[in-house]
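I have placed the structure first, in the form of structure tokens, so that the comments after it can refer back to it.
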């Protein structure tokens, strides 16, 4: 065996780590010194002579230093030249003829402004007014920045115009496909699937994936842009509706008996037997709720994030086969056979509102993306547009020859109606305006009766499911041209989708917050606050928030006489009285009102036509407050009567009290 040689005989000893260290660079004021045995060069001498003998260098002098990496000396850097700021405005040195930021039109800024400057607090304090001015200035600056960033939105909505008064409804799909570019023409296609029809279809939130299910059990999902098939199965059971969940990775299928959940590979993940005989599905993306309408008349909310049923509401209107959601406030609209449309929230067991829309049964319901308009069609062959901003009155009505069995709104406010094998599309003046029902925008005839309609998000494409398969139509001006890459990105990767899911779960909105007016969540419920305060007083036996009467502190040197104490008390009472007058000037009531006025321009009066009396717990709170005031007045009168009966002598200090 070979043995390792011992250090000290034939092998030279290893150098110490300190010896292998690189030498420190010599400074220009240091003298060359001979290295010591240890290999370390001594530092510069610290005596006073060496300090005085240091050479003085000029300010602009440059010393050539040796580089640690290469032996070549470093190139001296050029001194920084201070240029005139005016010459930096352009490469040629000419002055900018348009100095300052580019102007922004007032109309564009007004579109992004969210503060109503016409409404101001009357007689507000200086501190409050300064804060309001700062908030308004920040809001104005934010709106200007948003208006400037609108230039980055390069895409513009499409449109279709006829030549010399030509009716656009006479333009067929073949003419549109021939006129557009190759990429847009590829979005028009037909899937011939007569063997398993009729079909229901649904697009994902990003608008990239399409899922459809046939009445005879055929279920498929694909990337319709690249025509790449994700999964295709046959459930051997009737499929009544199909919906994507929060992403394209999960799919909800309403089969003949129960509700099933599949992934994007066609593997069954869940079978929810509490949701049986489902006819329609709707998914609320911001609440992670899957709403189901069944033949038994129940509206069920399923939380897909935890797998629990949030609410099961009995509509008491028979079979439910007409359902739609309001994208603005997540309220579910149900159409019934008696001609009414009811609005539902999982927080209430009764409908939020009921609207009488038709003289016959309701066949279809659709709500636009802004939550302002609702379109309904009934057995009376009428198509109506309703205003959902509190009035619930029909804005326009049109009688159709066969009636519309399916309705859908696009992101830009276009309305489509399926009538047998014909599809009619109506357009309005813009996104926030209702569609005009006088003349159709486009018309197309299919190979079979329509069974499902939906516009593709962020695309000018309308998907139609019928008895012959699936048809993808080109509808110029239907989709939003620009998308939010952080919210709905059609080009996101798998990692980006996973990160978005985590963020969406963290920002999940509770189901209890679904209401007709989401802006009411930011208001203070004064009535409930007073009622809770009253219950707390009854439970404790005293008011913990009651302000104790003012007791002046005793002072020395004769300043604690009775007259001075009364003066100090009187001064505090005057200050409190001025504070009450100030709040009265702001228009804030000091007691609970007995009626509620809906006029924003004037206070509530008894002769106001829009005064609504308060009832229920609000009325009880008002009565209890009145009773407390009456009891205090009776106690004070009782004390005065008792003082007179005892024959108490009047005091000279009474003039300070009265």
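For all residues, glycine too, the Cβ spot is worked out from N, Cα and C.
TrEMBL annotations: computationally assigned, not manually curated.
Now, the feature entries from TrEMBL:
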COMPBIAS  7-19  compositional bias 'Basic and acidic residues'
COMPBIAS  56-77  compositional bias 'Basic residues'
DOMAIN    440-518  domain 'BING4 C-terminal'
COMPBIAS  626-636  compositional bias 'Low complexity'
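Taken residue by residue, the domain 'BING4 C-terminal' (440-518) breaks down under DSSP into 17 helix, 22 strand, 40 coil. Counted with DSSP, the compositional bias 'Low complexity' (626-636) comes out as 11 helix, 0 strand, 0 coil. Mean model confidence of the domain 'BING4 C-terminal' (440-518) amounts to 93 (pLDDT, 0 to 100 scale).
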